[in-house]
């Protein structure tokens, strides 16, 4: 049995294959997943697992250098936005690097997901609970 944090085989495999600047999406239950993208569906029921639960586990194994977030989260989900920014700040400190945060419209965000290595769907049912993580290097 794997001893590391990520026990889900699909998520572990995707993270291990990421190269510098490759992207990985963690999303809520409602984000449309492009047909061209690998879909890893973690949703069990509404809210389970939450967006933050999935993100926290993914970022224990993924080196992140940038994040893309929909601008709309600021006004439509300010509590999650604050939680997300706190997590990214803590991740920066843990990794010892600066994580660039980019905001874009939700429409452009959805288009950008087509270029990601995979889309990991959580059971989150709150608006704009989505992030595109850009892989960094550990050296």
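Residue 1 is the first one shown; counting continues down the chain.
Cβ atoms here come from the backbone N, Cα and C positions, even for glycine.
Small disclaimer: the values here were computed from a predicted structure and weren't measured.
According to Swiss-Prot, the residue from 10, 22, 28 that belongs to the substrate site alongside 106, 128, 129, 130 is 28. Within 8 Å of the Cβ centroid of the substrate site, not counting the listed residues 28, 106, 128, 129, 130, the chain contributes 27, 30, 31, 51, 70, 72, 73, 77, 109, 124, 126, 127. Largest Cα to Cα distance within the recorded substrate binders 28, 106, 128, 129, 130: about 13 Å as a whole number. It is 26 Å from the Cα atom of residue 128 (substrate binding site) to that of residue 20 (active site, proton donor).
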